[in-house]
């Protein structure tokens, strides 16, 4: 049976995975286990060197230089220890991905569009990692600077399992866990690996089944079938789309999460099933847990969050969703998507506040 070709993200990552990325991840696993067995103390640096070599191999010397340049600029700006300046630097670096002349120059480095897109996706995710490191650097005192050196930044930025597509792990969590030296058992790790691979294969098989039999994305890309469908059918299609999105990310985040476990780190929780969700707030908290932690720690809480006034909460939430929309590409439909999600979260929290008033509770 021919598959639905309209889901670009799935087709793209599966193609790259089969060609090179899965082999490079297997290489990372080998380096990681050998370094844990023989030179636990130097594990971060072994993995850093491997990540740099994998980046060079896949993105070429120019792609590698771009990521190294982003990290160097972010680190240099972080020396001023001003959060606002760090954020300004991050947004400027992110905006360079959307300058047409720069885009054209980068396209010429590669033979195919797929290779250029790999650089684009990788640099977008690396921007978040550079921002996390730089803000942690700004917030920590001189006593902790040794654990926030440029070498640690490179170990974090070039950590290969999360390199191309995430999931996101904040620097404070990464460094604490990477520095912690635990008793290593090859037998335990092998059982974790086998169980993890079986689960990932199950999710991957389910996703392939959906994409070969359901044609959800092909239906969405054509107006006549949607116009002819009943509201019940449209509701079913919408549910099918988000369920496929959920299964897809179980695979895309499941593979790096398994490698994080093998490295002795605790990965962000995998996405929660969308069928169990009934609120915008829970969706944002439990679908992409790594991104949620990043947004809360570096945008929502510093801007006041739920501890500020009603207007302050509205503003910090709006700023969080504005960043998410801009980071995903900043196209007009993403701003609408961000605004609708912001509205959903605000309405939910407003209703919760009203229901928590004692008079209303007595009426209920």
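Cβ atoms here come from the backbone N, Cα and C positions, even for glycine.
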Per TrEMBL record, range annotated transmembrane segment [choices 310-328, 329-347]:
310-328
The annotated transmembrane segment range in TrEMBL, which must be one of 190-211, 256-277:
190-211
Can you name the far-off residues of the same chain, 6+ from the ends of the transmembrane segment (75-95), with a Cβ under 8 Å from a Cβ of it?
124, 127, 130-131, 133-135, 137-139, 150, 153, 302, 326-327
So which of 46-69, 116-135, 190-211, 310-328 has the most C-beta pairs under 8 Å when paired with the transmembrane segment (231-252)?
190-211
Let me spell it out: take the transmembrane segment (150-169), skip the flanking residues so only those 6+ beyond its ends count, and list any with a Cβ under 8 Å from a Cβ in it.
13, 16, 21, 24-25, 28, 44-45, 47-48, 50-52, 54-55, 67, 71-72, 74-75, 118, 121-122, 125-126, 128-130, 132-133, 175, 178, 252-253, 255-257, 259-260, 263, 265, 267-268, 288-291, 293-294
Same chain only, please: residues at least 6 beyond the ends of the transmembrane segment (310-328) with a C-beta under 8 Å from a C-beta of the stretch. Say none if there are none.
91, 94, 124, 127-128, 291, 295, 299-300, 303-304, 334-335, 337-339, 341-342, 345-346, 349
List, by number or range, the same-chain residues at least 6 past the transmembrane segment (116-135) whose CB is under 8 A from its CB atoms?
12, 16, 55, 58-59, 63, 66-67, 70-71, 74-75, 77-78, 83, 86-87, 89-90, 93-94, 97, 106-107, 109-110, 148, 152-153, 156-157, 162-166, 168, 170-171, 294, 298, 327
Are there residues at least six beyond either end of the transmembrane segment (46-69) with Cβ under 8 Å to its Cβ atoms? List them, or say none.
20-21, 24, 27-28, 31-32, 35, 39, 106, 109-110, 115, 118-119, 122-123, 126, 151, 154-155, 157-160, 163, 263
